[in-house]
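S.K.: Sharing a structure with you now.
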Amino acid sequence: MSKYKRIFTIVIDSLGIGAMNDSEKYGDVNVDTLGHIAESVDTFNIPNLQKMGIANLHPIKHVAPVENPIGYQAKMAEASVGKDTMTGHWEMMGLHITKPFKTFTDTGFPQELLDELTARTGHKIVGNKSASGTEILDELGEHQIATGDMIVYTSADSVLQICGQEETFGLEELYRCCEIARELTLKDEWKVGRIIARPYLGTKKGEFKRTSNRHDYALKPYGRTVLNELKDNNFDVISVGKIKDIFDGEGITEGNKSKSSVHGMEQTLEIMDRDFTGFCFINLVDFDALWGHRRNPQGYAEELEKFDVNLGKVLEKLHEDDLLIITADHGNDPTYTGTDHTREYVPFLAYSPSMKGHGQLETPKTFATIGATIADNFGLKMPEGTIGESVLNKLV
């Protein structure tokens, strides 16, 4: 019989807790998402993360370590090459990514790809550079509305992003164009991790706002993950936020899209009221998309405080045979130069009301510790070719 009937893993997207040993290879020097956020604000109140021991793992201004934190804590290192969303999440579920996904940050996309995209979609392309979503809309949003051209851009991540104004370009047309882009970028030389549909509203510079109708078209995972094992063995695999997109639906039995990170936590609280056996995997993207990339430490701090209030409600709802794991998929230090992710350790905070002990675990060498622990709990073997060692027997 399983130790835990339900396991909830919440990914606070981009909440790194200090530079990994190899971070300088990624251009990241002295980065520290959580530490630098706390240093950027006058007050910082996260009592529930505090009692789960986050400040015991990592010094945080305004947040003291606690003598007896609930549950277990560890700093997790990333084994894979990269610092992006897909690499982080895929590794959590057992995959070891040894070749980074293709990026076009410095060059933009090849003309041959753009020509094919224009021929297949019927839209001319503007942009074709690395930019923040808000900047590119201010620069080209009015042009798109006037011409029907398609805004294509990228970032430091392995992504091809297409913007479309919902009312003039149309949501279905945007999705159609993204599906064509996904098909074209399955070629090895153009193989990006994700195509992202970026719909927006507004009619003039300074007023454009991206909507919650974003859609990600990810590559299928390179191999079987713990999610596949769970689903194939008739366990529930419920996703919240962009998890279903990240895994291209592989191993998911129920997907729930979120309008915001606060909404994602509300959805999680509703799911906690249901009887199920298996895994609920939650991604809260606003931390990364709204505050990390936009280099807004104050906004990030406020979002963490809102999250912490809802975390308190999650802790109250946990059953004796539930396990909660809180983690992140990479860093995105909002005080660092540029607008890109940062290569950092991430937190592993694990708690169940049935735990008698507490304390810090040794630093796991891979995010796949999470997937291995979940598989172990449900009596499943890790899929062939995956990595990760369970810490289930240490959670007592």
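The backbone N, Cα and C atoms fix where each Cβ goes, and this holds for glycine too.
What Swiss-Prot records for Asp13, Asp329, His330 is Mn(2+) 1 binding site, and it gives sequence analysis as the kind of evidence. What Swiss-Prot lists as Mn(2+) 2 binding site is Asp288, His293, His341, and the listing cites sequence analysis.
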S.K.: In terms of DSSP three-state secondary structure, what is the assignment for Asp288 (Mn(2+) 2 binding site)?
M.R.: helix
S.K.: Which number gives the other C-beta atoms within 10 angstroms of the C-beta of Asp288 (Mn(2+) 2 binding site), all protein chains shown included?
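M.R.: Asp288 (Mn(2+) 2 binding site): 27 neighbouring Cβ atoms within 10 Å.
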S.K.: In the same chain, outside Asp288, His293, His341, whose C-beta lies within 8 angstroms of the Cβ mean position for the Mn(2+) 2 site?
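M.R.: Everything else in range on the chain: Asp13, Ser14, Asp157, Ala289, Gly292, His330, Asn332, Thr339, Asp340.
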S.K.: Can you tell me how far the Cα of Asp329 (Mn(2+) 1 binding site) sits from the Cα of Asp288 (Mn(2+) 2 binding site), in Å?
M.R.: 10
S.K.: What are the other residues, in sequence order, whose C-beta lies within 8 angstroms of the center of the C-beta atoms of Asp13, Asp329, His330 at the Mn(2+) 1 site?
M.R.: Val11, Ser14, Leu15, Asp84, Thr85, Gly88, His89, Asp288, Ala328, Gly331, Asn332, His341, Val346
S.K.: Just to verify a number: CA distance, Asp13 (Mn(2+) 1 binding site) to His293 (Mn(2+) 2 binding site), in angstrom, no decimals.
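M.R.: Rounded to a whole number, the Cα-Cα distance is 11 Å.
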S.K.: In this structure, which of the binding-site residues His293, His330, His341 has the fewest other Cβ atoms within 10 Å of its Cβ?
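M.R.: Across His293, His330, His341, these binding-site residues, the one with fewest Cβ atoms within 10 Å is His293.
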